[in-house]
Amino acid sequence: MQMCQPLRSLVLTLITLCNVLASADGCDFAQSCGAHAPGDVIIGIMLPCHRKVKAVHERIRPESFHCSEFDLPSFMRSLATIHEIEEINAAGFLPGVRLGYLMCDTCSDASKSLQNVGHMLAINGSLNVKCNYTDFRPRVKIILGALYSEESIAVARLLNVYMVPLLSSTSSSPELSDKQRYSVFLRTIPNDNHQTKAVAKIMRHYHWNWVGVVYGDDEYGRGAFQSFLRDAEANNVCLAYQEVLPHYLGHSLSEQRIKEVAQQIHSSSAQVVLLMLKAELVEVLFKEIIRTNTSRTWIASDAWSRSWSLAQMDGINRVGDILGFTFVARKSESFDNYLKNLTTTPGGYNHFIEEYKNLRFNCSPECLSNKPPSYCTSLLKIKSVNACNFKDPQEQNDDYLVTALDTNASFLHKVAVWAVANALKKLLKCNSSSCSGEINFPPWELLKELKEVNFSLGDQNFYFDKNGDFVNGYDLVMWEMYGHHRRFHRIGRYHAVKEEIELDVKNFTWLSTDNITIPQSRCSESCPPGWVKRILNVSCCYNCTLCAEGTYSDGTDFDDCKKCPNGTWSLKGWDHCQPRWESYLRWSDPHPITMMTAAAFGILLLLVTLIIFLVYRDSPPMKRAEVRLSCVMMAGLAVSFSSVICFMGKPSVHLCRARQVMYAIGFTLCVSCILVKAYRTFLVFLPFGQITNRRLHKLYKPPVIVIVLTTLQGIICLLWLLFDSPDIDDTPPSPQSMKIIMHCREGYTYIGFGIMLSYIGLLALVGFLLAFKGRKVPQEFSETGYIIFSMLMYLFVWVCFVPVYITSNEEGTPVQASAILVSSYGIIFCHFLPKCYEALWGSKTDTLERILKRWRAITTPNLDSETGTETYIDIPRMNRPSLESSRFSISSMSTMLSSSGTLGKASPTDSELVITPMPTENEKSHAYPLSNRQEMKMTRRCKYRSISL
């Protein structure tokens, strides 16, 4: 068995060579399918080892394709595939089955790739046309490639006819996920829909919303651009410009278009540019960018994000920051060792390795001359410094490929080979010792098994989704400075399934800012929280406006403000909502504490005053002040002070009603008593005619007056409570305020409130007018001065209260409470405290005669006539015993005057005091009755020569 294996390999090699030579038909086979290794199952490798086809636009005959410019990175990818095939063979993964390969150079051209398909699938030198290819059994069972999506799309269309699987590790066009059109295509990478989502999300992450896009005029560039447009819109990214370049360098307009695009990039305000181009196009564009001294932040697509040739180009550090998404990559030590000891697979050949070694180690004297040809510019980059010292370049090796290229990019080509090996293992029914399946199987059977493969490699699990894609995400790399060149530094990863970016390195130095500050690329400045965008021409160009009341924005660059949830509110320009706070007179606040203290002190003062009045009730000042009437006033004031308590704390319906009724009744009772005092003085000391006096005296009934006036106020309050009762004000707060003003509304119409206050005001005004009429009466006989002052104070306070209450809902409650306190204290200070002072410390020497003299001096100051006049002073309730002792006193509710001393002896030359009793009810008299009891009439006949006090 061991002897037969080498023989079988030799026979397979000879047969393959004969078929290849027959199918070549005189063409330069080494330039197309230039690598081969025999095996039981042949895997086709279709990758470019050269960058372009010479003068493809000038081709007018179907002649051979001639390729140029050796492509080291792609050559390294093909070597990775070959190395992994050899690794699988060496490991005996498919017992008794050896994998071979046939590698063809696509030269990065779709037409050349189609020609390679013909070579790979030819049987006996030709491809026969059939109606049914179910039993079609070419020597190549699967093709690994191509590099670019445009090539893969063309090749997959053709392979659909034969159902030969095409497995790519680099073609990412979304179009290839359409299984109706590309049923044979699979890939070990995600499609570009995931990549453009990742690009848009990284732009959003760094707040770049004003970007430029340059893409290639091929299937990859157009498809990726259309996908990016959708994702950019979803992530609020706008395009400052979009430019397209011819997809290959040999195009006649390439040079002109590259200069135009470079000028557009240089003149645009967009600081971030997305390049969805092949690496060779980016290299030429960067040369123009360096020439124009333009620095930007570049976003690299997977086509060039790991381009080692770009990272090593001269002046690369002058272009600015480069950030890109790459396919998942891993380091392989065995592959690096393979590159350092590069040899052809035993039993096979590889003309591409030979070409590379000639470029690297073969001496080229023309490139070392003073005027080297133009092609030497790129050649000298590859050439070894010891090239001219080697006799046989094919025998030489070094670590140039490992140091000059990013060998990590070969990982997914390794994954592709292992996917094929796992599918073959199942198809060939392999166990640990042998494979029993048919080796020469039709390719569609391998395609069927390949779609269902699921295997692990390293720490990752790989399988194809329904679209034939691996959804394994991307690595995010930053091109960091490494001397005069760049190197790739992985800073994060994009999870395609979760559509999330995970950054491993968050703070790194940007070349644009020379620190960790992120470069900016925005059409407009970011709108901070509390502001929203007002769009101008495009969504990324806007002005910032404040959020209105009741709305907010808690992040940057919001399109619309959010509405506040129920129970919360916000003011203009807020970035959050919060519950409104209730405003009322809290017990713990300084103002309510002050008013409560004042009310309590007022009640205490009334209590002290009441005690003084009762203790000194027989003293002349208290008799003149009418103790009983004053006690009623104190009771009314106490109720008024107590109503202030109802203004404190959180309002309720009951408190709203109680405080107004208490104040109305209490203060009306007090003002009614004051009115009685004013009316009494008005009746006694004004010279009315007999008939008028009689009628007015009949109306003077203090208890009746007080009860009637107070009852009338009670009726007003009752009707107010019935028809327009005070309640909690439910008026919505102002949009510009965070306060909910908790206060009472004195009815919907405020009519009852107005009538109540007007009624008290009317009583106060009448009392004021009556007192004003008797203002010249001595204070010892009446309280006109105190009445005038207290009523003026009350009227002034409440006249000031009305406009404040109307214009300010918030201040209405404390202002009314303060008005009650001021007007109540005014009555205490005017009516009670002076009497207390007189009772405690006042003079006891004033006699009635002196009081009367002062009053006469006021009322008749210029009486010089010699004729005698009679002044009639009615003194109610004058009794005979007091007359006989020449002393009298007047008290009770009907008292008019009180004697504060003894009546002095009258001089005959000055005056004569005549006191006569009042006639009885049966007698006709013109006296002024003040009570039903017997009264005396005191007549003083006076002869004045002159009066002086």
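Here the Cβ of each residue, glycine as well, is placed from N, Cα and C on the backbone.
Features as listed in TrEMBL:
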| type | residues | note |
| --- | --- | --- |
| DOMAIN | 591-840 | domain 'G-protein coupled receptors family 3 profile' |
| SIGNAL | 1-26 | signal peptide |
| TRANSMEM | 593-615 | transmembrane segment |
| TRANSMEM | 627-649 | transmembrane segment |
| TRANSMEM | 661-683 | transmembrane segment |
| TRANSMEM | 704-723 | transmembrane segment |
| TRANSMEM | 748-772 | transmembrane segment |
| TRANSMEM | 784-805 | transmembrane segment |
| TRANSMEM | 817-834 | transmembrane segment |
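Counting only same-chain residues 6+ beyond the ends of the transmembrane segment (661-683), those with a CB under 8 A from a CB of the stretch are 626, 629-630, 632-633, 635-640, 642-643, 646, 693, 696-697, 700, 702, 705-706, 709-710, 713-714, 716-717, 721, 756, 759-760, 763-764, 766-768, 770-771, 773-774, 777, 781-784, 787, 790-791, 794, 820, 823-824, 827, 831, 896, 928, 930. Two recorded stretches are said to be in contact when at least 3 C-beta pairs lie under 8 angstroms, sequence spacing 6 or more; the transmembrane segment (817-834) and the transmembrane segment (704-723) fall short of this definition. Listed by sequence, the residues of this chain that lie at least six past the ends of the transmembrane segment (748-772) yet keep a Cβ under 8 A from its Cβ atoms are 660, 664, 667-668, 671-672, 674-675, 678-679, 681-682, 709, 712-713, 716-717, 719-721, 723-724, 726, 783-785, 787-788, 791-792, 794-795, 798, 802.
When pLDDT values are averaged over the domain 'G-protein coupled receptors family 3 profile' (591-840), the model yields 83.
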